[in-house]
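Asks: The anthranilate 1 binding site annotation in Swiss-Prot covers 85, 116, and the record cites sequence analysis as its basis. Taken from Swiss-Prot, the feature 5-phospho-alpha-D-ribose 1-diphosphate binding site applies to 85, 88-89, 93, 95-98, 113-121, 125. According to Swiss-Prot, the Mg(2+) 1 binding site annotation covers 97, 234, on the basis of sequence analysis. Annotation comment: Swiss-Prot describes 171 as anthranilate 2 binding site. Residues or ranges marked as Mg(2+) 2 binding site by Swiss-Prot: 233, 234.
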């Protein structure tokens, strides 16, 4: 291993409890992504940041470094959106953002969904998509074709962030959330400028929205839901959700209640998930018209995503426009009830098998 000479003084600074500026954080994470940091040093660095509390500048610098090392998907349609969460909330729910992606695609919104295998849930996006017959691929040409022709592509994190492997063993050994848990949603390989992102801790809503705005995003919602079992990285029916939004170069925050969308409250246990097969079956049932809390949770998040994508403005001067919000819920419901979302899934499945992915068997 070639050890970075630039990293050690930054480790010392972090160990003293002093914050790094964005340039220093970018330098540190460049070294990490290049595999030039000793595992013991990396563990000490991440722990020091965690204990002191990571800052906005450190987040921004880390994002710039990770984006520099990622494999970018070129020629992405204007207006493409990502809907994803950080994971790490420990609630083990059904796959909400994956279902939202099909709902949006059914309405003609181009979706470049960034995802991974299960972290805190029983089944991550990649796990359930494989069961649905939509395996990941590292073929950029095929990914681009899926997005251009189907309006939907799923981008598995390992295929686009190979440099993350240098940090993976240390992150696993540490066993607690670090700054890395936030970086995936902020580093979409399609470089989308519209995003609905869920975070595991509400304190990150505003910094993440502000960071994405500073890095060129046009429209962003960063959300954190409340439940009877703790916070959620999605908008929930179980309680109020915190939102920080970046739009028109302005940052503002507000709360959303389920009844604003015309939806009934429900406990988080109503959307408890299982393994990949269980979650895939629930998603198919949802797209085939099944009702209940899972459908309503998907509608709530899809309505927000439609706003972020510019398909139905539901915020006026930083305040939720309730009738407009409910119209967006209606649009999302229409995608399901008219079979548009299910058709989007079938198109994605057909595209996945029109050319056999090079890495379909990779775990």
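Glycine is treated like the rest: Cβ placed from N, Cα and C.
Explain the structural surroundings of these features, please.
Replies: Long-range C-beta contacts of residue 85 (anthranilate 1 binding site), restricted to its own chain and to partners at least six residues apart, with a cutoff below 8 Å, comprise 97, 185, 197, 198, 199, 200, 233, 234.
Take the CB of residue 117 (5-phospho-alpha-D-ribose 1-diphosphate binding site) and look out to 10 A: across all protein chains shown you find 19 other CB atoms.
Secondary structure at residue 234 (Mg(2+) 1 binding site), as computed by DSSP, is coil.
In the structure as shown, the Cβ atom of residue 171 (anthranilate 2 binding site) sits within 10 Å of 17 other Cβ atoms.
Its own atom aside, the Cβ of residue 234 (Mg(2+) 1 binding site) has 29 Cβ atoms within 10 angstroms in the protein chains shown.
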Asks: Round to the nearest Å and give the CA-to-CA distance linking residue 93 (5-phospho-alpha-D-ribose 1-diphosphate binding site) with residue 116 (anthranilate 1 binding site).
Replies: 15
Asks: In whole Å, how far does the CA atom of residue 171 (anthranilate 2 binding site) lie from that of residue 117 (5-phospho-alpha-D-ribose 1-diphosphate binding site)?
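Replies: About 15 Å separates the two Cα atoms.
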Asks: By the DSSP assignment reduced to helix, strand and coil, which category contains residue 116 (anthranilate 1 binding site)?
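Replies: Residue 116 (anthranilate 1 binding site) sits in coil per DSSP, no helix or strand.
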Asks: My understanding is the cutoff is Cβ-Cβ under 8 Å with a sequence separation of 6 or more in the same chain; which residues meet that for residue 114 (5-phospho-alpha-D-ribose 1-diphosphate binding site)?
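Replies: When sequence neighbours closer than 6 are ignored, residue 114 (5-phospho-alpha-D-ribose 1-diphosphate binding site) has 82, 84, 155, 157, 160, 184, 185, 187, 188, 189, 190 within Cβ distance under 8 Å.
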Asks: On the three-state reduction of DSSP, what should I expect for residue 85 (anthranilate 1 binding site)?
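Replies: DSSP call for residue 85 (anthranilate 1 binding site): strand.
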Asks: Between 93, 97, 116, which of the binding-site residues has the fewest other CB atoms within 10 angstroms in the structure shown?
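Replies: Per-residue Cβ counts within 10 Å for the binding-site residues 93, 97, 116 bottom out at 116.
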